[in-house]
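Per TrEMBL, these features apply:
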type: TRANSMEM; residues: 84-103; note: transmembrane segment
type: TRANSMEM; residues: 115-134; note: transmembrane segment
type: TRANSMEM; residues: 155-176; note: transmembrane segment
type: TRANSMEM; residues: 207-226; note: transmembrane segment
type: TRANSMEM; residues: 233-254; note: transmembrane segment
type: TRANSMEM; residues: 274-293; note: transmembrane segment
type: TRANSMEM; residues: 305-331; note: transmembrane segment
type: TRANSMEM; residues: 351-379; note: transmembrane segment
type: TRANSMEM; residues: 400-419; note: transmembrane segment
type: TRANSMEM; residues: 425-451; note: transmembrane segment
type: TRANSMEM; residues: 463-483; note: transmembrane segment
type: TRANSMEM; residues: 507-527; note: transmembrane segment
Amino acid sequence: MGTGNEANGGGSSGLTRRRVCTFRKDDFLPEESFRSWGNYASALKQTPHRLVDRIFTRSSVEAELEVKARSGNEMKRTLSWWDLMWFGMGAVIGAGIFVLTGLEAREHAGPAVVLSYAVSGLSALLSVFCYTEFAVEIPVAGGSFAYLRVELGDFVAFIAAGNILLEYVIGGAAVARSWTSYFATLCNHDPDDFRILVHGLAPGYNLLDPIAVGIMIVICIIAVLSTKGSSRLNYIASVVHLVVILFIIIAGLIKADPKNYTPFAPFGPRGIFKASAVLFFAYVGFDAVSTMAEETKNPARDVPIGLVGSMVITTTIYCLLAITLCLMQPYTSIDVNAPFSRAFEMVGWSWAQYVVAAGALKGMTSVLLVSAVGQARYLTHIARTHMMPPWFAKVDHKTGTPINATIVMLAATAVIALFTDLGILSSLLSISTLFIFTLVALALLVRRYYVSGETSPEQRNKLIAFLTLIIGSSIVTSAYWGISKSASIAINIFLLGSIDKHSFERFAAWTALLLVYYLFFGLHASYDTAKAFDVKAGQEGMYRKVEEGQVSSATISGFDGVDTRNAPSTPAP
């Protein structure tokens, strides 16, 4: 491979190492379509053809594994199933349980919030099974983006990719703002005492949170230094966190009053499911474990144990905490900002609120750290396909981490955390997450029942009809509050039907923005990259045939006339 390719993610030479943090045009738009304005105009004219090509073209497992070379350096394989399990719990147990439990119990579900957690947990567990199967077979940093590229094609994968990135940015911002709330409790202050009110901004965006930005900066520094170091820090923080959770459950049940569980479901079934849709946020983060398959010693064994084990433990903990909170006080008196801390204060154990606040801070710190690791790896693999600029795909040779992707994603998270209220963040996050999990479940069905070149048209049409039936019935079920048997897909769509209108409007606006970017940039960059890969694969296949005596040397000589160094997606030197 030539020096130019190495400089832009094609190899692992010293030249690559020196140029990880450069800011040249070819680090962002190296493809043939962007080499001149004429080329770009020509590419835009071909947009319909290229769009159809990308919609109906599926990647392959081999291609997803091959693109790892575009990061310039390998990520270090240092993680075991033990690391992944603690990463999973560290990623999930945080702001959702310590903040949203009180909010949803008081406003939507009452003591029946435990059922809301059970429904969300079931949906998350089914999604975990889907992720586990994919992560074992496609052990790359791209997670669900890579899985969708292989099974549903480039276009669907890109739309999902944009929402994956949105999910991580919003999730991190929500946890960072919750970190401020519990820090305020620890300091005997109201959370708004640490925020800056700006009257010129709209409600929901006018309380600036500088502490949230500060914690994101600290997390960024830790995440770029070492994945294994992040794992050790997460392990320590998670152990402390679990000790605090056990304290909350035991001490809280000592102060329990069964009368507080009456009425059990004051808002009825609709309230339970409405709360469940928002509380799905509490399970967000487990997919970050699947992005670490590339850094796992034995993905086939470690990923399933880490993912499933962490989700089962997390769901159990959530249900126990929800029961404890609602037994300690009437749901109408639950504090929505720091429910567990205030609950202990109300039952006369004021000192316990500081233990709870300290444990919550530990848990949220773990969530932020694991989220930072996961989101950077998503962006890294997306950039390897050139749907995002390849500059984000660079892996530092010293730390073995994607520094560029980590810094940019956490900077975006810090900006959102500075402005946006938790309620707005959590609802929008749930939409993105449920949308992605539904696509992954669909992709798994396609993987099991459709093989390009082998599945007959008749069987393919049956599969399409079956998938249409599942999705259609699930949407109808969501609308009429019925019962569906379509497992992960149906539950996810059902929960989507419980989210408010304004969140869907924000989701639609974000998706529209993604489409604009894709049609003007991402489509042409990924098309050029894919065609260059096809040329390279064809050339390598021809060489193998010559070695096996299947074609003559004259044929390969003619094929050598193709100059792959200037193929559409090959980065310039």
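Glycine too: its Cβ is placed from the backbone N, Cα and C atoms.
All TrEMBL annotations are machine predictions without curation.
Remote same-chain partners of the transmembrane segment (233-254), defined as residues 6 or more beyond its termini with a Cβ less than 8 Å from a stretch Cβ, comprise 83, 86-87, 89-90, 93, 222, 317, 320-321, 324-325, 327-328, 340, 343-344, 349, 352, 355-356, 358-360, 362-363, 365-366, 369-370. Here the transmembrane segment (274-293) does not lie next to the transmembrane segment (207-226) in space: the count of CB pairs under 8 Å, restricted to residues six or more apart, is fewer than 3.
The recorded stretches the transmembrane segment (155-176) and the transmembrane segment (305-331) do not share 3+ CB pairs below 8 A when only pairs 6 or more apart in sequence are counted, and are therefore not in contact. Of the two recorded stretches, the transmembrane segment (115-134) does not lie close to the transmembrane segment (351-379), with fewer than three CB pairs under 8 Å once pairs fewer than 6 apart in sequence are set aside.
The stretches the transmembrane segment (207-226) and the transmembrane segment (400-419) meet in space: the count of Cβ pairs below 8 angstroms, excluding pairs fewer than 6 apart in sequence, reaches at least three. Distant neighbours of the transmembrane segment (400-419): 20-21, 71, 73-76, 141, 165, 168-170, 172-174, 176-177, 201, 205, 208-210, 212-213, 216-217, 219-220, 223-227, 372, 375-377, 379-380, 383, 391-394, 425; these residues of the same chain sit at least 6 beyond its ends, with a Cβ under 8 Å from one of its Cβ atoms. Count of Cβ pairs under 8 Å against the transmembrane segment (305-331): among 84-103, 351-379, 507-527, the largest is for 84-103.
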